[in-house]
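Not my notes, these are from Swiss-Prot:
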ACT_SITE  E59  active site, proton acceptor
ACT_SITE  K133  active site, proton donor
ACT_SITE  C165  active site, nucleophile
DOMAIN    13-259  domain 'CN hydrolase'
Amino acid sequence: MRHGDISSSPDTVGVAVVNYKMPRLHTKEQVLENCRNIAKVIGGVKQGLPGLDLIIFPEYSTHGIMYDRQEMFDTAASVPGEETAIFAEACKKNKVWGVFSLTGEKHEQAKKNPYNTLILVNDKGEIVQKYRKILPWCPIECWYPGDKTYVVDGPKGLKVSLIICDDGNYPEIWRDCAMRGAELIVRCQGYMYPAKEQQIAIVKAMAWANQCYVAVANATGFDGVYSYFGHSSIIGFDGHTLGECGEEENGLQYAQLSVQQIRDARKYDQSQNQLFKLLHRGYSGVFASGDGDKGVAECPFEFYKTWVNDPKKAQENVEKFTRPSVGVAACPVGDLPTK
C-alpha cells in the first residue's frame, strides 16, 4: 500500500476517489451534460495521475437528488443507456476503470420506484458489475431496494465489490462482500452533515474488521437542502487511512493498492485474521482438547439463524424493542404510516 506518488505498478492498483460537487438537476439533458462533465474529469485526472487504474465518483454525482418525484421518474436511466455510454467511452478512451452512480435506474415494472444503482466499467468500456442499493436511507430515500452483493475481478485482478452510502452502516454487508472474496469494497455516498465523524470512523473499522481495502467517494457542496461533507478516502486493509480529502469541492485522493499484500495478509496473518477465525472459532482450544484442528464452523448467533430461517419472526422480534410501524408520529415523514 502506497500513498504520495502518481504511479502504479504491475502489483498495485492506482485508485482515485473524487469529492464531486453535488449537482442540482431537473431534466434529462442536464443529466447528460453532467455526464459529459464527468467524462472530462476522467481525462484530466488520468493526465495528472498516469498510474490511475480506477476512478470512483460519489452517489448522486450523475443525477443529483431529484427532490421532485416526477423528475425522478423522467430522468431515470436504463442500463445500458445514454448515461452509461458516455461513461463507457471515457473509460475506454483513457484506459481506466470507473465507478459511476445512477439515481435512479428504471425499475423493470414501470410504475415502481427506480433503483439506486452503481456500475463498474472496465477499461474496455464494458459494464462488469451493476449493484443496486440494498439498504436505502429510509425514511428519506424512496428507492426500491436491491437484493444482493457482487464480487468481480477488477483492475489487475483485484476483486471488487460495490456498496452505496447507508449500506455501509450495516456490518452485514461488509462481511458479505468480504466473505465472498472482495479485496476492495467501494462505498459511494452522498452523505451529509451531521453524520460526518461517524462515517469517517466506520469505514476504517470495517476495513480492519474485514481485512479489505475500502475506497469512499463522497459528495461535497450544498444543493439547497443538504450540506455534504466530502472526506472521500482510501483505507488500507489494516484500517489505516492512506489518503483523505477535506471538504473541498472536486478534490481527490489517490493511492496504490497492492494486490499481493492483501492476499499475503489474508493467508499468513493469525491473531487479527477475522475472516479465517470467524469460521474456525476457538481453533487453538479445540485442537488442544483433541477435537480436531479446524475449530468450530457452526454459526453461534441466534439472530442470524432466525433471520435466515424465519425472516418474519426476526422482523417481529426487532419490533418488540424498537417500534411496530415504519413511521414515527412524533416526527412524520411524508405519508408513512405511524400506527
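Keep in mind that glycine also has a Cβ here, set from the backbone N, Cα and C atoms.
Looking at the shown structure, what environment does each listed feature sit in?
In the three-state DSSP scheme, E59 (active site, proton acceptor) falls into the coil class.
If you draw a 10 Å sphere around the CB of K133 (active site, proton donor), it holds 27 other CB atoms from the protein chains shown.
Counting Cβ atoms from all protein chains shown, C165 (active site, nucleophile) has 25 others lying within 10 Å of its own Cβ. Secondary structure at C165 (active site, nucleophile), as computed by DSSP, is helix.
Note on the domain 'CN hydrolase' (13-259): mean pLDDT across this stretch is 98.
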Once the DSSP letters are reduced so that anything not helix or strand counts as coil, what is K133 (active site, proton donor)?
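For K133 (active site, proton donor) - judged by DSSP and reduced to three states - the answer is coil.
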If one looks at the chain holding E59 (active site, proton acceptor), which residues at least 6 apart in sequence have a CB under 8 angstroms from its CB?
S101, T103, N116, L118, I164, C165, C188, Q189, G190, A217, A219
